[in-house]
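Before any comments, here is the structure.
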Amino acid sequence: MGLFDRKEKYIRINPNRYVRNGVDHPVPEVPDDLFAKCPGCKQAIYQKDLGQAKICPNCSYTFRISAKERLDLTVDEGSFQELFTGIKTENPLNFPGYMEKLAATKEKTGLDEAVVTGVATIKGQKTALAIMDSNFIMASMGTVVGEKITKLFEYAILEKLPVVIFTASGGARMQEGIMSLMQMAKISAAVKCHSNAGLLYLTVLTDPTTGGVTASFAMQGDIILAEPQTLIGFAGRRVIENTVRETLPDDFQKAEFLQEHGFVDAIVKRTELADTIATLLSFHGGVQ
């Protein structure tokens with residue numbers, strides 16, 4: 001050290017090691033997913049305290065969950081049989097990077113597309129079932145999503161089954177352009193055929209349900225349920241405010257606001273959904 005060099009005023013330590021009783025130890029690693037920040041109360045919540053239903057113990061905020069987690073919560077154990085798994089996503093517009101994004105999302109989520117379709121029983125009531133997963137490109141609706149849901153309604157007509165759909169979506173998939181928008185009319189036509197057959201269609205709106213999904217099959221159910229505080233809408237809040245040049249209510253596009261104005265039949269806690277759906281299916285001549 002030179003004559004005029006300053007001594008450091010701190011001690012250098014290795015953040016990955018610590019010494020106790022003269023023995024060097026590695027610092028235990030804390031798993032990244034040990035805690036979750038609640039968007040409702042802004043508190044750090046121990047993951048185990050959220051429970052299987054993923055509901056904040058402090059403010060009852062309902063976290064988003066995957067399609068698999070939804071299945072585990074809703075259907076009878078071992079009853080789910082997946083349908084229409086072999087449909088491949090194409091890139092009709094040759095949208096740059098689309099196929100790479102799909103491949104990365106498939107690897108991350110373990111899903112082939114943004115919706116899981118099949119048949120299952122809920123508390124003994126048999127139903128055709130679709131669950132959208134916002135982890136897959138925000139459950140945007142492309143041609144495969146449209147095809148799977150359409151086929152589900154066609155299957156339900158043949159088997160004389162009700163249809164239950166858990167919606168969650170950011171809207172039409174922009175990478176597929178007009179092909180994605182066409183799915184709105186395609187699914188709506190299938191819903192109408194199912195209705196003409198005298199069969200029940202029940203939707204459960206989960207956070208978020210927006211865009212083309214809201215403008216089509218999400219709001220066409222004979223019975224429309226929603227989870228608490230679900231974001232439901234077509235255009236974004238700022239787009240609407242800039243268009244109508246008015247300030248919207250704070251709870252605008254929330255499930256509670258829509259129920260108050262007649263667009264949602266009931267808001268049901270996640271832990272009560274399976275029982276509620278089963279009861280509604282039984283009222284409408286459920287199949288066992």
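Note that Cβ sites are derived from N, Cα and C of the backbone, with glycine treated the same way.
Swiss-Prot assigns the feature zinc finger to one of the listed ranges (38-59, 82-103, 170-191, 258-279), namely 38-59. In sequence order, P39, G40, K42, Q43, I45, P57, N58, S60, Y61 are the residues of the same chain, not among C38, C41, C56, C59, whose CB sits within 8 A of the CB centroid for the Zn(2+) site. Neighbour counts of Cβ atoms within 10 Å were compared across the binding-site residues C38, C56, C59; the minimum falls on C59. DSSP places the residues of the zinc finger (38-59) in helix, strand and coil in these numbers: 4 helix, 4 strand, 14 coil.
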